[in-house]
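Contents: one structure, followed by commentary.
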Amino acid sequence: MTVTRVGLVMHGGRAQAGDAARIVRGWCAERGVHCADIDVWRDDTRHSAREEVAAAGNPDLIVTLGGDGTFLRGARLAAENDALVLGVDLGRVGFLTEVPAAAVCEALEAVQEDRITVESRMLLTLRASRRLQVPTGMEALLRYGRGPLLPPPRVRTDCAEGDDWGIALHVTALNDIVLEKLARDRQVSVGVYLAGRLLASYSADALLVATPTGSTAYSFAAGGPVVSPRAEALIFTPVAPHMAFNRSVVAAPDEPIALRVLDRSGPAAVSVDGQLRGVLDPGDWIGVYAAPRRLKAVRLGPMDFYGRLRERMNLTDAPAAVADGQAAPLWPVTSAPPADLAHLTLPPGPGDTPSAS
């Protein structure tokens, strides 16, 4: 593809990010490509994704310089603008970022020359019984991270609304949508519905709905399953539930998951990819489902998700297995697979080149 406008989202607390940003700006200047910093905390206020991408000139490529948290900020903007997102890895335990800082110029050249794989990632969105907002006076108490809160989500004007179906909100999540308790001494009580049917009522510290991409984030820390990012699923996981059934449930992509705050519960916070977006009172609900749009992530080649899982999670082998030495690939990659395996995803063989997907 031909890149004409680049948006930069960077981790301001890392010197490496500033160095990488100068390299990106220099690359853009040499090729006459418009480059704009997207400062999500300019003027000490947060802006909607639509305002941020408009201020940056509606970039067709967003480059994030940081770890997975920075990538999530960039993904929110890319989803709004249907842009590509390229993650430059300056973090420590990242699954989302793709390129080491030293290779950022080579990565930009690969994008410009269309020598990339475009990986389509599932996103979540939601409907709610009412507009989400943070009550006056509660923002300072609930402020997440170092900067101010995002503005309340806008109502989607392209979707029908009604008393039964609630209102559709301009929200996209690459990792997860979480409903969590506000009071330290009181769990949140929530009825959980899958595909419109009550699964169970929970008292828990939090309840979350994750994408396969988000299965290695908060959901993983809460005991949820690791799911291939190429899969299509919604993953429901309770966090510290006060009940015997504490398992995750993996739903099909067309099965929405609704969370209703019960009358005996206190208020509950709604966070989207770690960003506080509103507070629900007893009787309120949110319905989480697969978003119609997808994230378009730049990959320079096939992603070795399971190799990265082993590396980033520091997975170790059982003592009995260590004696066998370093594990080799199950199947050789020196020749083409036989016909009965040709439809499977296997390690790349000789001469394989990335293609858009």
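Along the chain as shown, the residues are counted starting at 1.
Every residue, even glycine, has its Cβ placed from backbone N, Cα and C.
Among the candidates GLN112, GLN275, the one that Swiss-Prot lists alongside ASP68, GLY69, ARG73, ASN175, ASP176, ARG186, ASP205, ALA240 as binding NAD(+) is GLN275. Between the C-alpha atoms of ASP205 (NAD(+) binding site) and ASP68 (active site, proton acceptor), the distance comes to 24 Å. It is ASP205, among the recorded positions ASP68, ASP176, ASP205, whose Cβ has the fewest other Cβ atoms within 10 Å in the structure shown.
Among the binding-site residues ARG73, GLN275, the residue whose Cβ has the fewest other Cβ atoms within 10 Å is GLN275.
In this structure the residues listed as binding NAD(+) are ASP68, GLY69, ARG73, ASN175, ASP176, ARG186, ASP205, ALA240, GLN275; their two most distant Cα atoms lie 31 Å apart. ASP176 (NAD(+) binding site) and ASP68 (active site, proton acceptor) are 13 Å apart (CA-CA, integer value).
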